[in-house]
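Participant: Sharing a structure here in structure tokens format.
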Amino acid sequence: MVELPPLSPQYVLGLAALLVLAVDTLSPGDRKDGLLAAIAAAGTLTATGLAVWFAWAGTGSDALTAFEGALVVDDLALFFTVLVGSVAALVVVASYDYVREHAHAAEYYALVLLATTGMSALAAANSLATVFVALELVSIPSYVLVGFLKSNKDSVEASMKYFLVGALSSAVMLYGLSLVYGATGSLALPEVAAAASEQSLGGVFGVGVLMVLGGFLFKTASVPFHFWAPEAYEGAPAPISAFLSSASKAAGFAAAFRVFTVAFPLDAVASTVNWALVLAVLAAVTMTLGNFAAARQEAVKRMLAYSSIGHAGYVLIGLAALAGDADGLVLGASMMHLFAYGFMNTGAFLFVALAEHWGVGETFEDYEGLGRRAPVASLAMTVFVFSLAGLPVGAGFLSKYFLFASAVDAGFVWLVAIALVNSALSLYFYSRVVTSLWGESERDFDIRSRPAGLYAAVVAAGVVTVLLLVAFDPVADTAVSAATALLG
Amino acid sequence: MLIEALLAVTFLSAVAVLAAPEKWAAKLAAALSLLPLAGSLLLYSRYDGAGNALLQSGTPAFETTRQWISFGEYALQWHVGLDGVSLPLVALTAVMTTLAVVTAWNYIDDRRSEFYALLLFTEASLFGVFAALDFFVWFVFWEFVLVPLYLLVAVWGGPRRSYAAIKFFVYTNVASLVLFVGFMLVVFASPVESFDLAAVAAAVRGDELTTFYGLAPDTVTTIAFFALFFGFAVKTALVPFHTWLPDAYTEAPTPVTLVLAGVVTKMGTYSLLRFNVTMFPETTREFAPLLGALAVVTVLYGSFVAVSQQDLKRIVAYTSIPSMGFVLLGLVTYTTYGLSGATFQMVSHGVLIGLLFLAVGAIERSTDTRMVDKLSGVASEMPVTASLFVAGAFGYMGLPLMSGFAAEFFIFTGSFQAAYANAALITAVAMFGIVVIAGYLLWTMQRVLFGPYAVDTDAAVADPARSALAPGVALVLLAIGLGVAPDVFMGMIQDSINAILGGGV
């Protein structure tokens, strides 16, 4: 049997993107949405399947490096490749009905695939240079996708804002990287750590680390680089909002986890810059700000956008708690939460896409009584938001529980107390969705068309969210062993 | 694997009903609901465990343990099993669901597939709650119950259904959060590295708790005890945590009320016994006077508020509250009689309250009103329905040879014997509640059922179809059967209770 190269998932994703463009170039005139969507879906599913297989076969347990260590395939990389691949597959399937109504279908799918390639490369990036390149490969298609509805003012404005904030934070991060390079003389993550632990590096290095952190905070929509997120998520086509708030955020965290544990391990750099303390404060602020803002929203999509910021705050606990009695648990729990979040949050945004498709409206009131007309999709949405709130109807319950419990274990009771209050608050705005869906209203919805792709994606996300509750063990196992390996 | 089979059959029945065409849903659901009913009877016939599922770890009947998720040093297990306390409630769940499904034939015309599917989903979740022996399994099922019930009230309920559903949901969810934190506190403060209820119970009873974040073991125990108590008190609807109950019961359609009143409140009392009484015997004894007083307040407050109600359904809803007070009274006695009586009362109350709600539902459908002042002499036109109401009411008043008598007799006997201070006084005051209950039930019957017929309605007032009355007749037979031969359940209940008490009366 021929041995597949370890970066096969990334290759498949990139090739699928090129194939979509090639097919479109060969016959530019015709509409062939079905074929393009099929290629894109096959590409993402194959990549996901390969990553699952690699993880299963143990490829990740002794990490393989490629390109002189610039990329590494370990459990962490495979874990996040599975995550972003699955989300991308859901988004591609859901986009079918959406894109059919617009021009440039091929470009749309190609951009989604390229961004996914970037995300999985980001998870595998083992050098500050590849981190930056992969980050830009994620960002640039994202700017375009947010502005995909180019005749829609909100979409264009969102894209503009996203691009400006993105360009600024890229610049900040790049400057930070150059400072780190200047101080340590290396871009490879392990060598940076070696240099940092051998000698006491000065303030230049510390500033560099904080600027790199800024780049990641932007990508994960965390305070203080979160301003773009609600606008971008609201203005973008709903499947793209799902993509950005789940996959892009997860990929950003994947790289952050690797960079901060491998290149800037806390015991080596804490004397220069105690990033864990910074992150603990930012985690508390991020989740509080996100949840309180979400509670004040009237539009469902904006509520989800702000609550997405809140969830970034929960995940940051994973990095912040490394300052405590660190083992792989709390970092692994953050990864698990991102995994569960990938499905339930994508599903929730896709449900919003479904509502947009039907022209239902944006606010909670507009959703009133929708459950009677579209029970299956509404039931799935009920599962998503309850799971996001942390009720045990979906995997969100377990992932949140593991995250909070392991943070308590690491000695961060105060952070968990804040998270618990936030989590209780989030029940309020999440259950508002459910109340609207199943509430009393005699409004008649015009739900004649049942967009097959969108429906399939919503139901699939719902089924996975529930099934993960039962079959969480492999996720937990992989996440904890990946995190433990990362911490060395 | 019998419990897993029961759960699987019930869940699959729910899915089958959901997938079935609308016009078959009602009959199919009834037929399928017989499977779990038969299953629970099978469990009953094959039950031979004499132990308490928590305290004699290793011996609950039909036990299975499987690794579920491991996380660090902590292990989550799929662990289920039944004992003499949970098996009667599993049987009650199966009976009440089948009767609710049959009752729904006459009440639900709208979106039937979904309705019956949710009802069966509730049943499966309730089975899970009663059978779970690992905290996580238990909690997942505990919250699972909420979602279908929320939808059942919110979609098929009365005019104020949305308000009632949200109130129910928010109340019980806050309660769940508090009890979750309380239980975690005990687990983290104990050397136990799993969430297995038996292991945690053994650790707490064996004084193995350690200081946790500066809290002394005693403080941890007390905080956890009251966190759990609060969670269960809301579900049980003890005063002052009862305000969700009248709204939810009144707004829910009759078949759902049957399940809500008949079984769901028993989740709270069952868990009080399973967690508070079993795991924290010392703390229960220490706070017994306080909790006994709370029971008395619940009994008296519930029955006096019921007196002032005009709405027949609200009267019955409030009638449910004092009964839960009696259960609490029995639980804090820490005697065989008290605990067994309380457990028996859970089953008995489910049967009797179901009977009353059925009769009220039938009267409302026939006369278009629930207001006591608009009804009079209904018995002359609806003799069978009236008889059901009378049977339910007499059972409630504790008529000998009906299930309520056996339950309350045991509770009061146990309560008089209880060792805590002023137990006899507290019991005597609580017993006064029976007089109030009997008083207003008789008064209600007098006004609604008897006297000259005078109901202002255009509809022809008559007994509903046989299929609507059959569940009521079945409940009367059950109430009498349990009253004449309480030993059907009492024997197995007492065996398990004796294990909690450490053997012997």
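Including glycine, each Cβ sits where the backbone N, Cα and C put it.
Fair warning: this is a prediction, and the values are worked out from it, not measured in the lab.
Pasting the relevant annotations from TrEMBL:
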- A:6-23: transmembrane segment (TRANSMEM)
- A:35-56: transmembrane segment (TRANSMEM)
- A:76-96: transmembrane segment (TRANSMEM)
- A:108-125: transmembrane segment (TRANSMEM)
- A:125-426: domain 'NADH:quinone oxidoreductase/Mrp antiporter transmembrane' (DOMAIN)
- A:131-150: transmembrane segment (TRANSMEM)
- A:162-183: transmembrane segment (TRANSMEM)
- A:203-228: transmembrane segment (TRANSMEM)
- A:272-292: transmembrane segment (TRANSMEM)
- A:304-323: transmembrane segment (TRANSMEM)
- A:335-355: transmembrane segment (TRANSMEM)
- A:376-399: transmembrane segment (TRANSMEM)
- A:411-431: transmembrane segment (TRANSMEM)
Participant: Thinking of Cβ pairs under 8 Å, which stretch from A:108-125, A:162-183, A:304-323, A:376-399, A:411-431 has the most of them with the transmembrane segment (A:335-355)?
Facilitator: A:376-399
Participant: How about the transmembrane segment (A:6-23) and the transmembrane segment (A:76-96): at least 3 CB pairs under 8 Å, pairs 6 or more apart in sequence, or not?
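Facilitator: Yes, these stretches are in contact.
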Participant: Counting Cβ pairs under 8 Å to the transmembrane segment (A:131-150), which of A:76-96, A:203-228, A:272-292, A:376-399, A:411-431 comes out on top?
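Facilitator: The listed stretch sharing the most Cβ pairs with the transmembrane segment (A:131-150) is A:203-228.
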Participant: Count the Cβ pairs between the transmembrane segment (A:411-431) and the transmembrane segment (A:203-228) that lie under 8 angstroms and are 6 or more residues apart in sequence, then report whether there are at least 3.
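Facilitator: The transmembrane segment (A:203-228) and the transmembrane segment (A:411-431): touching, no.
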Participant: Under 8 Å, at least 3 Cβ pairs, sequence separation 6 or more: does that hold for the transmembrane segment (A:35-56) versus the transmembrane segment (A:304-323)?
Facilitator: no
Participant: Same chain, outside the transmembrane segment (A:76-96) by at least 6, Cβ under 8 Å from its Cβ: which residues?
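Facilitator: For the transmembrane segment (A:76-96), the far contacts come to 9-10, 13, 33-34, 37, 40-41, 44-45, 47-48, 51-52, 54-55, 59-60, 108-109, 112-113, 116, 119-120, 122-124, 237, 239-240, 242-243, 246-247, 250-251, 254, 257-258, 335, 338-339, 342-343, 346-347, 350, 353, 451-454, 456-458, 460-461, 464, 478-479, 482-483, 485-486.
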